[in-house]
Amino acid sequence: MIKFIKYQGCGNDYIYVDCSRILVEEPKELAIKISDRHYGVGSDGLILVFPSKDADAEIKIFNADGSEAEMCGNGIRCAAKYLYDKRKVNENISIKTISGIKKIKILNSRGKAFFIEVDMGRPVFEAEKIPFNLKFFHSDKKSNLENVIIDKKIEINGNFYSITCVSMGNPHCVIVLDEISDLNIEKIGSEIQNSKYFPESVNVEFVKIENKDTISMRVFERGSGETMSCGTGACASIAALTAQNIFEKNNKIKVRLKGGELFINHTSNNTILMSGYAERVFRGYYSIN
């Protein structure tokens, strides 16, 4: 039996397991089984929490399909709430991930939900760091290939998409559209993820600009499909819109998602702050046999 606690942030739900005293031998297999919404506990993924010499804790993130993720914005916010609930930290928290150590602040609480801010670090636009396969992309310019993909057109199965590629510790492809409510997100998202441009797949964000300080977003995540929200995706979207000069830096932008709202600030020193609520849903035991 494995003891777990389930948390959600903006509808993005994860199962947390304390690995300070137990060994999860097959985390990918466990993630698939425990995340199943019919035969398991049900979640967008599994997050294992370990002691760390470099931070307050270290987490390993596994998507619902068993693949390991470099970073998860909602997941790390909920991890901070998890550590706070277990009285292991105060309001200022550091958590180690594959993509580096993230600094987190608990700002306030509303009942059992805590409003938490994460310094997500700097967005990365270099194509090889996404990674984006430049050899399949032909620039409009007659000079050599550009090293960044910002508002550039690609062709997939006869359809053209204007994309901006960003890494927030994990890969993102941001597409701005006039309308996203009636989008066939599973078809388009899958085609982009499986295309020749993204050798390690990609998280795909579809964005509608509502006004000068609000966007709506739907996300098709690598390893999970469409989810209620995606913290790194919200950060990537604001970074992409800033790079396109649609938004200015040092503005807190509201991101509306299926699961709720996140607030993103692309600061003047080029770091991105993400804030939103996180709360515990329930705790229990799961039999691995």
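Including glycine, each Cβ sits where the backbone N, Cα and C put it.
A TrEMBL annotation is a machine prediction, not a hand-curated record.
Look at TrEMBL and you will find Cys72 tagged as active site. The feature active site, proton donor is assigned by TrEMBL to Cys72. According to TrEMBL, the feature active site, proton acceptor maps to Cys230. The substrate binding site annotation in TrEMBL covers Asn12, Asn63, Gly73, Asn74, Asn170, Asn203, Glu221, Arg222, Gly231, Thr232.
According to its DSSP assignment, Gly73 (substrate binding site) is helical. Most other Cβ atoms within 10 A: among the binding-site residues Asn12, Asn170, that distinction falls to Asn12. Taking the Cβ of Gly231 (substrate binding site) as reference, residues of its chain lying under 8 Å away and at least six apart in sequence are, in sequence order, Gly9, Cys10, Asn12, Cys72, Gly73, Asn74, Gly75, Ile76, Arg77, Val118, Met120, Leu262, Met274, Gly276. In three-state terms derived from DSSP, Gly231 (substrate binding site) belongs to a helical segment.
If you take the Cα of the residue listed as 'active site, proton acceptor' and the Cα of Glu221 (substrate binding site), they are about 8 angstrom apart, rounded to a whole number. Of all Cβ atoms in the shown protein chains, 29 besides its own fall within 10 Å of the Cβ of Gly73 (substrate binding site).
Once the Cα atoms of Asn12, Asn63, Gly73, Asn74, Asn170, Asn203, Glu221, Arg222, Gly231, Thr232, the listed binders of substrate, are compared pairwise, the greatest separation found is 17 Å. Note on the active-site residues Cys72, Cys230: the fewest other CB atoms within 10 A surround the CB of Cys72.
When secondary structure is read from DSSP and collapsed to three states, Asn170 (substrate binding site) falls in the coil class.
Same-chain residues with CB within 8 A of the center of the Asn12, Asn63, Gly73, Asn74, Asn170, Asn203, Glu221, Arg222, Gly231, Thr232 CB atoms, the substrate site residues themselves not counted, are Ala69, Met71, Cys72, Gly75, Val219, Ser224, Thr227, Cys230, Gly233. Cβ neighbours within 10 Å of Glu221 (substrate binding site), excluding its own Cβ and spanning all shown chains: 29.
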